[in-house]
Structure formats: structure tokens, C-alpha cells
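Feature annotations, reproduced from TrEMBL:
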{"type": "TRANSMEM", "residues": "15-35", "note": "transmembrane segment"}
{"type": "TRANSMEM", "residues": "83-104", "note": "transmembrane segment"}
{"type": "TRANSMEM", "residues": "116-140", "note": "transmembrane segment"}
{"type": "TRANSMEM", "residues": "214-237", "note": "transmembrane segment"}
{"type": "TRANSMEM", "residues": "267-284", "note": "transmembrane segment"}
{"type": "TRANSMEM", "residues": "304-324", "note": "transmembrane segment"}
{"type": "TRANSMEM", "residues": "331-349", "note": "transmembrane segment"}
{"type": "TRANSMEM", "residues": "355-377", "note": "transmembrane segment"}
{"type": "TRANSMEM", "residues": "398-421", "note": "transmembrane segment"}
{"type": "TRANSMEM", "residues": "441-462", "note": "transmembrane segment"}
{"type": "REGION", "residues": "474-501", "note": "region 'Disordered'"}
{"type": "COMPBIAS", "residues": "474-484", "note": "compositional bias 'Basic and acidic residues'"}
Amino acid sequence: RSQESRERLSVCSKLCYAVGGAPYQITGCALGFFLQIYLLDVAQVDAFYASIILFAGRVWDAITDPMVGFFISKTSWTRFGRLMPWIMFSTPFAIISYFLIWFVPDISTGQVMWYLVFYCAFQTLVTCFHVPYSALTMFISREQSERDSATAYRMTVEVLGTVLGTAIQGQIVGKVDTPCVGSPFFFGLTNSSVAMEELNMTHDTGSLTDTRNAYMIAAGVIGGLYLLCALILLLGVRERRESSELQSDEPVSFFQGLKLVMNHGPYIKLIAGFLFTSLAFMLLEGNFALFCTYTLGFRNEFQNILLAIMLSATLTIPFWQWFLTRFGKKTAVYVGISSAIPFLIAVVVLDSNLFVTYVVAVAAGISVAAAFLLPWSMLPDVIDDFKLQHPSSHGHEAIFFSFYVFFTKFTAGVSLGISTLSLDFAGYQTRGCSQPGQVNFTLKMLVSAVPVGLILLSLLLFKLYPIDEEKRSKNKKALQDLRAESNSSSESDNTELASIV
């Protein structure tokens, strides 16, 4: 009991740790919801090249995760820790590169390269922040209950970060009307679900200066929040080396560790399940702004609909934390993620209606909260299970977290690139007040049919995940016994050495 008491984290420590997760979510949400429509309608990048930027940026983002995980595993411990220096030095450069993503350069050629370079640069730098931050979960306490509690704090703040990202970006940009171009040629092709009054939008082909300035103001505000959250994390959390390691541990090389990790069955099954879940919500996130603007005809409401999703997710995180402790994490996965399916179907089957859309947004937010919380709550269980099977191998926390993120980001990049390319093939019109019927049909597929199929597939895969509540309890007890045995052995060796001296 005294050992557990020493391992308990204060509420202040948990809050400071949780705040560190906000920068990744604030910037990620702003980019996820708004970058596609920004490139197409504000920067006026051709849809084909926009798909290349989004695809290449996401894939590069995925590649950097295991790279950063490798370099972290080679990093020596300092008086600040092994993970904290990465967070400290990446922050200022990440803020600069993020701001430049939302700047439209006054150049006739090379615009595509500008966005590609700074998008990839930001993804690299934010990875240097987020991979060590994610692995920090294993270094704040060795008590499973304390890590779960800190994870719940973190998920609540991270979903709040998505609310901030959506609100700041959406409300600042939403105050400015982006001029669009209407063409009578498309009036007959436009899907009937688009409100007729949207077809009478301004034909203004003039400057987009006000809209571009709004995007830069939003980027400046988000950059300031990024810096503030990083400072709170660095000043309020102590990285504990002893929290993760057993005293009998011997170091193992990165590639040996990678081989061990990738051969660990529960990890692969967990990744497979959340891989398809992440794909579903990434497709919904990346195309929902366009879907609301063109297919539903809510050009002036889409930022508020996105905000409703994120607010709903934030408010239901505590519910899902209670649910998983009461009924188990696997049950929470089945109930939480599947709850979005009927509403995703309803939003495209029913006629365009603002009230129905808000109801769907709130329901989708409830499911988003479960998708946010559960993978990060389940990963530490997998790592504990791995430690019991490989008690002499340590230091692989960054590999577990970075490769989980790698697989989800890589496939998300592929799906987002393909979805933008699909819009190009369907005949997407840059700055159009309305879109052809083929584009509206494509958007319906991307925010409803495909995500529903991916969610159903992920639920089937979760049936194979072996760590239920009974297994978790056994692992916790076995790990406590192993640590006690390790500490007892170390104390015995020290006593014997003292008697010899």
C-alpha cells in the first residue's frame, strides 16, 4: 500500500500532463477539417495537386513516427529526462512551420511545393513532440490505475483541444465570406439536397485577401496555444525513469525490440482494429466540411456543425471513462464505436435538414469520444502484457506508440489522398457555389458508406483482441510480483556486497 501511495499522481500533475496533449489535437483538428477546403477554395490549388499534398504530407507524417521512435530509443537520459528534450526543442520550429502552411505565397509557380514542404516540415516537428509525449504515459507512474486515470485526463483535454481547434479556425474563418463562382451549367446537375438559395451566391471573382488573412489570424492564435501548452507540460510533469524499468532489465537493440513488438499478438490485433476505426473517422473529418458546404447546402453553418461534433465528444469523455471501468474496455469499444453507424446512414438518406444534421453531429461526437479514449487506454495494457512475456527487454515504449501512430497515419494519408482525387475525377469545381451531382454523390460515399463499412470491419477485428478485464487483472498482479521479486533480488545483492566489503 505504501508503494502504491508513493506512485499516486496529484491532480495537478495529471492536468499538466493532460494539457501537453492539446497542441497535437488543436493543430491536427484544424488541418483535418479545414486544410482540404483551404487548398481547394482559398489557395486555389488544383484538386489533383491538393490530393498529392494531402497524401504526401500524411504518408511522410506516418514515416516520421517510427523514425522518431528509433532516435528516441537511442537518446541518452539527461537531467530533464529522455523524452522531455524532444518536446522542448521541437516546439518553436513546429509553430513557425504551422503558420506558414496557412500563408498564401505571392508566387506564380512553386505554390504546390511551398505547401508540400511546410506541411511535411510541420508533420515532422509535431511528431517530435507527440511521440515522446505519448510514450511519457509509461514514465509518469508504474501503477496501471494511475496511468489509466492520467490517460482519461489527457483524452478529455485532447478532445477539448479538438473543440478549440475547430472553434478557433471555424469561427475566425467563418466570419468572412469566401467568394465563390456560380455557373448555370451546374444548376441542372446539382443534387436536389442542396438548398436552392445557395445557387444564388455571389459570383464575385475578386480578391480572397480577407479570407486568407482570417486563416493566418487563426494560425497565429493556435500557434500561441501550442506554445502555452508545451510550457505547462515541461514545467508541471516529471519524467520518472524508474516508473517503467525493472531493475533486472538489460537493454535490447532497436531492431531486436521492433521484431519483438511486431511479433506480439495483442499489439497487432489492437492496431488492426483501430486502424480501420481511424480510417473511418479520418474520412469523415477530411470531407465533412465539403459535405456540409455543397451536398447539404449549409455553406454558412458548417463550422458550427463541426463544433457541435467536438463539443459532444468532449462532454462524453468522462462517461466513456466510467463505462470502460464499469463494463470493460472491449465492451466500450463495441458500444462506443458502433453508435455512430445509424446516424451516419441517416445524414445521407434523409433530406437535407439543419436540425437532423445537428443531431447527427452530436451522435457522431459521442462515438468520436470513444474512438479517442480507448486506443490510448488500451495500449498500456498491451505493453504490460509484453513486459510479462519479455521481462528482460525494456525501453520499447516509443516503438509501441510510434508504430501504432505510423499505421493509422499511413493508411489515413492514402485514404485522404484517394478521396481528394475522387473529387477531382467527379468534376470538383474550385470556388464553385455548387458542385455537379457526381461530386455530391462522391461526398455521400466518403462520409457515410465507406466509414460505416470500415467501422463494421474494425468491430469484427476487435473480437480477436485477447486482453479482457480478467486478463488485465492477472497481468497487473503478475507484474507487481515481478517488480517485487526484482527489487528484492537487488536489495539482496546489495546486502551481500556490503557484507563482503
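Placement of Cβ uses the backbone N, Cα and C atoms for every residue, glycine included.
What TrEMBL says about a protein is an automatic prediction, not a curated fact.
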* Asked: Per DSSP, what is the residue count of the compositional bias 'Basic and acidic residues' (474-484) in each of helix, strand and coil?
  -> 11 helix, 0 strand, 0 coil
* Asked: Cβ under 8 Å to the transmembrane segment (267-284), counting only same-chain residues 6 or more beyond its ends: which ones?
  -> 32, 261, 333, 337, 344, 364, 368, 371, 374-375, 378-379, 382, 386, 400, 403-404, 407-408, 411-412, 415-416, 419, 446-447, 450-452, 454-455, 457-459, 461-462, 464-466
* Two-stretch contact, the transmembrane segment (398-421) and the transmembrane segment (116-140), at least three Cβ pairs under 8 Å -> yes
* Asked: Can you name the far-off residues of the same chain, 6+ from the ends of the transmembrane segment (214-237), with a Cβ under 8 Å from a Cβ of it?
  -> 12-13, 15-17, 19-20, 22-23, 26-27, 30, 38, 42, 84, 87-88, 91-92, 94-95, 98-99, 101-103, 129, 133, 136, 140, 164-165, 168-169, 172-173, 175-176
* Is the number of Cβ-Cβ pairs under 8 Å between the transmembrane segment (331-349) and the transmembrane segment (116-140) three or more, considering only pairs separated by 6 or more positions? -> no
* Asked: Do any residues of this chain, six or more beyond the ends of the transmembrane segment (116-140), have a C-beta under 8 angstroms from a C-beta of it, and if so which?
  -> 9, 13, 17, 20-21, 23-24, 27-28, 35, 52-53, 56-58, 60-61, 64-65, 68-69, 72, 81-84, 86-87, 89-91, 93-94, 97-98, 100-101, 146-147, 150-151, 154, 230, 233, 237-241, 243-244, 376, 379-380, 383, 397-398, 400-402, 405
* Using a Cβ cut-off of under 8 Å, list the residues of the same chain at least 6 residues beyond the transmembrane segment (355-377) that approach it. => 134, 137, 148, 151-152, 154-155, 158-159, 270, 274, 277-278, 281, 284, 292, 296, 298, 305-306, 308-314, 316-317, 319-321, 324, 329, 332-333, 335-340, 343-344, 346-347, 404
